[in-house]
Amino acid sequence: MFRGIYKGSLPPIDPSSIHHGESLADQLQDKDYYSVGWNQYFDQSRDIKLPGTENTFRIYESNVDVVDNGYLFVFLHGGGYTSLSWSLVVDKIKKKNLEKKVRMMCYDCRGHGETKTSDDSNLSIETMVDDCANLINYYQDIIYKNEGGGGGNDDDDQKERLKVIIVGHSMGGSVVIKTSSTNRINNLFGLIVIDVVEGTALLALSSMKSILAKRPKSFDSVKDAIKWSISSNTVKNIESARVSLYFINNFFFFFLTDWFSGLSKEFLSSMALKLLILAGTDRLDRELTIAQMQGKFQLILLPLCGHVIQEDVPTGPKINI
C-alpha cells in the first residue's frame, strides 16, 4: 500500500491542477459557477444511527462491494467543511483502483453537513473521538454482519477483515490522531494526516479567529457560495467547489485549543503506519521535524496549494494514498 511512497517513486503533481499568474476567479465566467451532485463522485449515501444514542451520521461510500481482503479508508473533513470535500479524491482513487481492493467511507462530523446529534454544538475533542471510534467500529460490524464480509472469532477469519486506514484533514486530522492514540479502532492499519501540526496550529489560533470573523454566515444561493470560495482562495479548484459547497447556511465555525494540544506526541506514538501530507515545510513544528529526520513517519510536501489540499490538488493525496 505504501511501497511507492517509501521508494520515492511518486509521479509529479499534475501542473493543470494549479493555476499560476492570473487568479482562478479572473479566469472564470459567471456560467462556470454551478453545483453538481454528490452522486457523480460516490456510489451511495446513507444515514447511520449509532445504537443507544440519538446520533445519526451522514456517510458517503464508494466501492461498497469490497467487504474483505482489502482496505477500508475512512475520511474525516476539516472544520467548517463536509464529507464532500473528499469527493474528487475518492473518485480518482476509485477510477485508479481497478482491482477494487479499497472501500471508502466519508462521514460528516457532528455539527457539520447532514449529521444530526443530541448536541451538535459539542465539538470537544473527547466527543469527536468517541464519535470517530464508535462509528468506524459500528460500520465495520455492518460490513461483517450484514454484507457478508470477513468476520467471526477465529484468527484466520480475522485476517480477512478490511485493514482500516483513517485519513483526516485539519480538524479531522486532529480527531484521527487522537482516536488512533486510544487504540479503540478495530483493525487499524494506517494513519494519514493532511495539513495539521500542533505547533503551527496553536500559533495560528489567534489569527484564525479574525479570519473566521470575516467569513460570511450565509449566502443567498449556492452559486454565491461557490463564487465566494473561489474569490477568497478558500478553495482553488472550481470542480471541487461545485460539489462540496452545496449548502448556503451555517457557515459559522470556531476552533478549540484542545483539538491541537499534545497532537505531535500522540501522532508519533501511534502504532499505525503514519503519513503526514503538508502544503509546505513551514508547517512543521520542532518535534515533528526531528522525528521526520529520524524516519519515524513519512512526510509528503505538496507546495503551491492552499490549506484544503484534497480539494485544491486532489491528484496529490490520491497518488500518495
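Keep in mind that glycine also has a Cβ here, set from the backbone N, Cα and C atoms.
Annotated features in Swiss-Prot:
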ACT_SITE  S170  active site
ACT_SITE  D195  active site
ACT_SITE  H307  active site
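Cα separation, D195 (active site) to S170 (active site), rounded: 6 Å. In the three-state DSSP classification, S170 (active site) falls within coil. There are 24 other Cβ atoms within 10 Å of the Cβ belonging to D195 (active site). Around S170 (active site), taking its Cβ as the centre, 25 other Cβ atoms fall within 10 Å, counting all chains.
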